[in-house]
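Engineer: Below, the features straight out of TrEMBL:
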- 126-137: compositional bias 'Basic and acidic residues' (COMPBIAS)
- 163-731: domain 'Major facilitator superfamily (MFS) profile' (DOMAIN)
- 1-90: region 'Disordered' (REGION)
- 104-139: region 'Disordered' (REGION)
- 163-186: transmembrane segment (TRANSMEM)
- 198-217: transmembrane segment (TRANSMEM)
- 229-246: transmembrane segment (TRANSMEM)
- 252-276: transmembrane segment (TRANSMEM)
- 288-310: transmembrane segment (TRANSMEM)
- 330-349: transmembrane segment (TRANSMEM)
- 445-463: transmembrane segment (TRANSMEM)
- 589-612: transmembrane segment (TRANSMEM)
- 619-638: transmembrane segment (TRANSMEM)
- 644-666: transmembrane segment (TRANSMEM)
- 678-701: transmembrane segment (TRANSMEM)
- 707-727: transmembrane segment (TRANSMEM)
Amino acid sequence: MDKAPNNRASLAKGAKDIAKEAKRHAAKNFSKAVDQASDEYSAHRSYNRFHNEDEEENNYNTYTQPDGHYADNAANDEEGASSDATEGHDDEDEIYEGEYQGVPAYNEGKTKDGQVALGQPVSDSVKSRKELENERQADEEELAQQYELIMQECGHGRFQWQLFFVLGLALMSDGVEVFVVGFVLPSAETDMCVPNSGAGWLGSIVYLGMMFGAFFWGGLSDKVGRKQCLLISMSVNGFFAFLSSFVQGYSMFLFCRMVSGFGIGGAVPIVFSYFAEVLAREKRGEHLSWLCMFWMIGGIYASAMAWAIIPHYGWSFSMGSAYQFHSWRVFVVVCALPCVSAVVALTFMPESPRFFLETGKHDEAWMVLKHIHDTNMRARGEPERVFTVNRIKVPKQLDELVEMQNESANPVLKVLFKIKAELRGIWLTFMRCFNHPVKDNTTKLAAVWFTLSFGYYGLSVWFPDVIKHLQADEYASRVKIHNNERIEDFTFNFTLENQIHRNGAFMNDRFIGMKFKVVTFIDSSFVNCYFEDVSSVGSIFKNCTFVDSFFYNTDIDDNKLKSSKVINSSFHHNKTGCQMTFDDDYSAYWVYFVNFLGTLAVLPGNIISALLMDKIGRLSMLGGSMVLSGISCFFLWFGTSESMMIFMLCLYNGLSISAWNSLDVVTAELYPTDRRGTGFGFCNAICKLAAVLGNLIFGSLVGITKAIPILLASAVLVGGGLVGLRLPDTRANVLM
């Protein structure tokens with residue numbers, strides 16, 4: 001009697017074994033079908049094979065519905081149409097080969113070569129790391145060819161133009177950030193009473209923030225995605241840029257601008273990587289060049305806003321003497337608007353489909369590509385056209401050794417551990433940029449980025465400073481000098497400007513509601529004088545004596561009384577902070593106008609580079625533009641007037657912009673997708689480092705000599721152009 005139940009149990013066990021064996025055979029057939037499809041695609045370079053289901057010897061799941069849902073075939077019908085989430089479980093929830101069973105031991109979970117579990121990748125436990133990397137390289141090459149065909153089917157239309165304007169706003173924010181530094185520097189340092197020893201830190205610290213930001217955000221975009229990283233980096237920039245307009249202390253202002261620069265540093269590497277990955281080969285060079293125009297638009301926007309806002313102090317307000325909100329702070333707020341607009345618009349855009357494929361997210365990539373296709377087809381008036389791609393090659397995903405963190409650990413420690421893991425991943429990806437075959441390209445690109453940035457930013461600082469130096473010489477030549485004058489019982493209620501008073505005697509005089517603008521009193525005496533509502537800019541009293549004098553609501557303090565004596569005199573309700581005015585200040589308008597012209601001068605170069613990028617090639621344009629820019633520097637010998645220097649500035653900017661555009665295109669195309677953000681971020685970090693060095697070196701040579709800046713700029717630009725000509729031509733390449 002006991003044998004009957006045993007026989008039934010044996011029969012049930014045998015049936016289960018037969019079912020398991022049938023599933024194994026189905027897995028083998030599925031693997032053969034996948035391998036056959038891959039081999040046929042490699043031979044014919046076409047993905048048409050993947051959607052001809054009727055010609056397949058073995059059925060397998062494909063995307064067949066235009067709305068992006070799965071159409072399960074016979075394999076799933078026999079198992080009750082089970083979904084991918086439940087595949088691998090029989091009725092009694094028993095485990096079979098291919099189902100995830102946790103982290104296996106060394107000898108557990110190994111499968112035979114070529115054997116797969118249904119819906120799971122091939123077991124790689126018996127393969128070396130080198131073999132796996134070679135397989136991934138082969139998969140990436142195959143994906144590059146197939147992806148190019150897919151983008152051609154998707155077409156170039158409404159979606160690309162939408163993304164073009166959204167990413168353009170982000171790139172515009174980068175241009176605004178660069179120009180904001182130069183425009184607010186004089187006002188901010190004067191408003192916050194920054195001594196000469198601290199002057200100039202604002203320009204350098206913003207570029208340093210952008211340098212670290214470019215490397216960090218560019219590397220992180222290869223880990224977590226283009227859209228997500230760009231959203232976070234732009235949000236950081238917008239928040240701290242807005243905050244910097246309200247802080248009163250110079251050190252806090254520096255910190256906010258540094259973090260703001262750190263955020264915007266990710267714009268350039270991510271924007272070009274993102275946009276390049278949704279463009280077909282024949283459109284990439286031209287449209288990436290058009291995208292560069294937004295950097296110019298950012299410069300024009302910043303110049304125009306500075307011209308319209310900063311000189312008008314009627315836009316300012318104050319809360320007592322402790323809180324001052326001058327017009328330059330309004331300008332900082334206005335310059336944050338493009339960044340805010342970019343963040344809002346970017347939330348409606350999808351992630352890069354190429355990034356999804358590189359990280360093994362086939363379904364998400366397919367949905368984005370279908371969205372691109374359908375958007376463009378609807379815009380063309382062909383909504384009935386169906387996205388025919390069914391299966392896309394996904395590169396082999398290599399496992400990484402990750403240190404596990406205890407779930408019960410402190411939340412702060414978890415955050416620190418996560419940051420440490422991400423930084424380690426960024427560093428490992430960065431080191432791969434120096435592996436074959438991109439090692440030489442990385443070195444050459446870094447050299448070209450450094451030389452072009454050093455020459456461009458160095459001369460960009462040197463040109464305006466030379467113009468200011470010429471203006472200062474002309475202004476000083478018109479100074480009025482008064483010696484041994486004696487003035488009694490006189491009321492000064494007007495502005496004194498550009499004057500020097502030596503050995504003067506002022507007795508019983510009244511200075512009421514007036515201004516000293518660049519006025520110097522030397523060895524002068526003021527006896528029984530009355531000062532009320534007096535403002536001074538660039539004025540000092542050196543070795544002067546004040547006797548029985550009264551000061552009310554003035555900004556005359558110890559900083560302006562150099563080695564002077566104050567005898568039996570009193571100060572009441574002195575103005576706090578550094579007072580500044582732009583009333584009738586021609587030089588302020590002139591500086592903004594010069595920058596506006598210099599930025600506008602790149603428009604012809606932008607148009608020419610966009611139209612010719614795919615015709616004459618990236619390298620010819622890069623090398624030719626840098627060499628011509630270097631040669632144009634020699635014309636600076638003839639810059640003896642303001643008008644001539646402005647013309648030289650416009651000529652140099654117009655010639656160099658083609659080099660910038662072609663360098664952006666080449667950098668985006670030379671790196672493979674899994675390192676594109678990191679490589680571009682590294683090159684852009686080198687660019688910002690060169691900008692800091694260029695500002696320091698060229699700025700120190702203003703008014704000393706012309707020979708060194710001219711020869712130095714010419715040498716680095718010509719040398720960088722020659723190195724750029726040795727880069728590989730990417731015009732005919734698909735995006736790896």
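Keep in mind that glycine also has a Cβ here, set from the backbone N, Cα and C atoms.
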Engineer: Short question: which residues 6 or more past the ends of the transmembrane segment (288-310) have a Cβ under 8 Å from it?
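Structural biologist: Cβ under 8 Å, 6 or more out: 164, 167-169, 171-176, 178-180, 183-184, 187, 271-272, 275-276, 279, 327-328, 330-331, 334-335, 338, 582, 588-589, 592-593, 595-596, 599-600, 602-603, 606, 609-610, 613, 657, 660-662, 664-665, 668.
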Engineer: So, does the transmembrane segment (252-276) come close enough to the transmembrane segment (163-186) to give 3+ Cβ pairs below 8 Å, pairs being at least 6 apart in sequence?
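Structural biologist: Yes; at least 3 Cβ pairs under 8 Å.
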Engineer: Can you tell me which recorded stretch out of 229-246, 589-612, 619-638, 644-666, 678-701 has the most Cβ pairs within less than 8 Å of the transmembrane segment (252-276)?
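Structural biologist: Per the Cβ under 8 Å count, 229-246.
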Engineer: Is the transmembrane segment (707-727) packed against any residues at least 6 beyond its ends, judged by a Cβ distance under 8 Å, and which are they?
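Structural biologist: Residues 441, 444-445, 447-448, 450-452, 454-455, 458-459, 462, 619-620, 622-627, 629-631, 633-634, 636-637, 656, 659, 663, 666, 670, 697-698, 701.
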Engineer: Under 8 Å for C-beta pairs, could you tell me which stretch among 229-246, 445-463, 589-612 has the largest tally with the transmembrane segment (678-701)?
Structural biologist: 445-463
Engineer: By Cβ distance under 8 Å, which residues at least 6 away from the ends of the transmembrane segment (619-638) in the same chain are close to it?
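Structural biologist: Tertiary neighbours of the transmembrane segment (619-638) are 448, 451-452, 455, 459, 605, 609, 612-613, 644-645, 648, 651-652, 655-659, 661-663, 666, 706, 709-710, 713-718, 720-722, 724-725, 727, 729.
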